[in-house]
Amino acid sequence: MLYSASPASSTNPTSAAASALAAASTTASSSGPARASAASAMRSSATNPVSAYSGKMATSTRSSRPARRARTVATFAAGSQSVIAHWQAATAGSDTAGGTRCANKGSATQHAYAPARAPMVVVRMAGDANPEAPPEGIAGEPGTESVEQSGDVEYGVEERPPTGESVLLGLQHYLTMVGANIAVPLALAGAMGMPSKWQPIYIGTFFVVSGVGTLLQTTFGNRYPIVQGATFSMLAPAIAIIGFVGTGPDHWRDAILALQGAIIVGGIVEFALGYLGVMGWLKKYLSPVVVAPTIALIGLSLFSASQVTMANQAWWLVGLTVVLIVLFSQYLDDAHRMFRLYPVLLGIVVAWVLATALSVLGIIPSGSAAFVDLSTVANASLVQVPTPLQWGMPTFQTSFVVGMFAGVLASMIESFGDYHAVARLAGERAPSARRIDHGIGMEGIATLFAGIMGTGNGSTSYSENIGAIGLTGVASRYVIQIGALLMLVVGFVGYFGALITTIPSPIIGGLYIAMFGQIAAVGLSNLKHVDLDSSRNVFIVGISLFCGLALPAYMGNVGSAAAFQQGMASTPILGALLGLKIVSDTIYVVGGTGMAVGGLVAFVLDNTVEGSREERGLDEWDQLTEDDEAFDSAYERYVKGD
């Protein structure tokens with residue numbers, strides 16, 4: 001462990017550090033309050049720490065758990081014999097070199113210090129086989145805290161929980177994303193007029209695509225613990241295409257084939273933009289002033305989801321789900337490990353079982369949103385096998401492709417924010433340009449696969465599961481891969497899929513309230529890296545958030561892409577251009593996506609309004625971002641064997 005301390009914080013920093021460690025050494029085996037007092041003494045020698053870029057939320061209290069205190073104090077005591085020598089060496093080095101550089105070889109990342117940085121107290125574990133090896137992290141220094149040091153991360157990205165535990169955690173992630181992954185195909189099937197006999201296998205296809213996409217991303221893509229699934233960003237252009245082609249028993253197949261063609265081309269373009277490095281290149285223009293409102297709008301833009309705002313919603317079940325998740329994740333997380341690991345799963349299951357029992361007893365009427373209809377399970381087929389091109393050969397039309405690409409673009413912007421959010425909650429450094437490129441490129445491959453399988457929708461990262469990581473502290477890639485396998489099973493076994501569809505929408509609404517509020521907070525917490533006393537930064541963040549909420553609401557009031565096109569055509573001077581279907585559809589789709597609107601507004605303003613790199617948070621964020629060498633591509637990992 002390393003602790004940075006400001007020489008200005010004490011007239012005799014060497015004495016302060018020695019006193020703190022002496023207290024720690026003599027109380028290593030004493031009572032909890034005594035240990036806490038010793039730890040407090042050590043912290044008092046460093047009065048100007050900088051918040052670490054980790055999954056630790058500002059309001060978290062998990063870092064004060066007795067186990068962490070005991071482990072921390074033991075570390076202090078073990079290194080008490082050599083701390084003075086290290087302090088003196090660091091002080092001497094800072095006088096001559098004007099700065100310090102620490103390389104973290106274990107994670108292949110580096111952290112550069114400004115010349116004015118304070119020297120560091122170095123405390124090493126007793127029996128360290130390599131006293132010259134760099135430590136795992138620097139407490140109080142941005143971006144250097146390892147996963148093991150993060151108080152909110154129960155399982156890090158590289159860790160593997162026991163198999164049984166992993167299955168339950170994977171099931172929890174599956175249940176977290178099931179609402180959105182069912183809502184999209186149901187919306188498309190209804191818009192197309194797809195006959196009911198085809199809908200089970202259509203929904204199953206979405207889960208197969210989601211499982212394959214998640215396995216590809218976690219194994220060969222950016223390797224973050226992030227779930228891939230159907231995207232709402234492509235829903236608006238899809239409905240516009242369906243309206244043009246036609247609906248009903250005679251036209252639904254033509255509509256889905258047109259959607260397939262547009263999705264296939266969109267996936268190829270997204271793949272190219274990712275692996276050609278376009279998204280990574282844009283990263284140098286994206287400061288925390290841009291990323292903060294973009295991530296926040298991922299959560300805020302879903303406050304109007306029908307599962308939350310329906311007038312006929314069973315609010316008692318929504319409230320019960322929220323209360324259960326909050327109870328398990330925030331109040332009982334220290335009471336038992338089960339509550340800390342499975343708050344979402346427990347909340348869903350308890351509310352679901354109660355709603356089922358009340359439905360069977362006739363207390364909940366069949367017309368209620370809380371009613372659980374088990375007849376769908378009894379009528380489901382045992383095995384269903386989605387196949388490529390199961391609806392026929394895709395058709396391609398230029399206007400459809402361009403309109404769908406607007407949805408692909410919005411999905412890419414959303415994923416960019418998701419990557420930063422999952423890295424933060426997993427206790428990792430901010431993603432490098434190289435990791436972002438590989439993530440977007442792999443999403444393109446998954447979208448291409450979705451087009452071939454015939455979903456009529458693409459593949460994107462899921463904010464719901466990022467929120468689950470924040471609530472549970474489980475950031476294990478292995479757990480996400482187990483969840484992906486469960487998605488594949490559900491896609492092929494009709495009974496499982498039918499059972500999941502019986503989860504009432506109020507439970508999904510309660511899940512959204514618990515999840516997306518945390519995503520919004522994680523996004524806004526990035527602003528700690530910028531100068532919030534700057535009126536420039538406050539203005540950009542404020543107007544970005546407002547536009548990201550207001551413009552999608554306006555598009556919703558317009559009603560349809562066709563109505564929006566008519567309005568654009570009547571615009572003075574520019575009406576001839578804006579009234580073109582390709583142009584109006586693109587504006588309509590992007591304008592209806594909150595994180596795309598807010599991100600674009602923030603991007604333009606942040607890169608055109610005058611402001612220093614320090615003011616924008618870029619200097620500090622450069623220190624927080626992992627080096628490109630920290631990420632190994634699939635070729636380097638599996639072919640070259642690096």
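Using the three backbone atoms N, Cα and C, a Cβ is placed for every residue, glycine included.
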Report task. Write down the single range among 201-220, 401-420, 561-580 that appears in TrEMBL as transmembrane segment. Result -> 201-220
Report summary line: Lying 6 or more residues past either end of the transmembrane segment (201-220) yet within Cβ distance under 8 Å of it, the residues of that chain are 177, 181-182, 184-186, 189, 194, 226-230, 384, 386, 390, 439, 442-443, 445-446, 449-450, 453-455, 457, 459, 461, 477, 480-481, 483-488, 490-492, 494, 497, 501, 634, 638
Requested in this report: Kindly say whether the transmembrane segment (537-555) and the transmembrane segment (285-303) touch, using the definition of 3 or more Cβ pairs under 8 Å where each pair is 6 or more positions apart.
Outcome: yes
Query raised in the report: For the transmembrane segment (506-525) and the transmembrane segment (315-332), does the number of C-beta pairs under 8 Å, pairs 6 or more apart in sequence, reach 3 or more?
Result: yes
Query raised in the report: Does the transmembrane segment (587-605) reach the transmembrane segment (257-279) with at least 3 CB pairs under 8 A, where each pair is 6 or more residues apart?
Result: no
Report summary line: Same-chain residues at least 6 beyond the ends of the transmembrane segment (257-279) with CB under 8 Å of its CB atoms are 188, 234, 237-238, 241-242, 245, 391-397, 400-401, 403-405, 407-408, 411-412, 416, 433, 436-452, 454-458
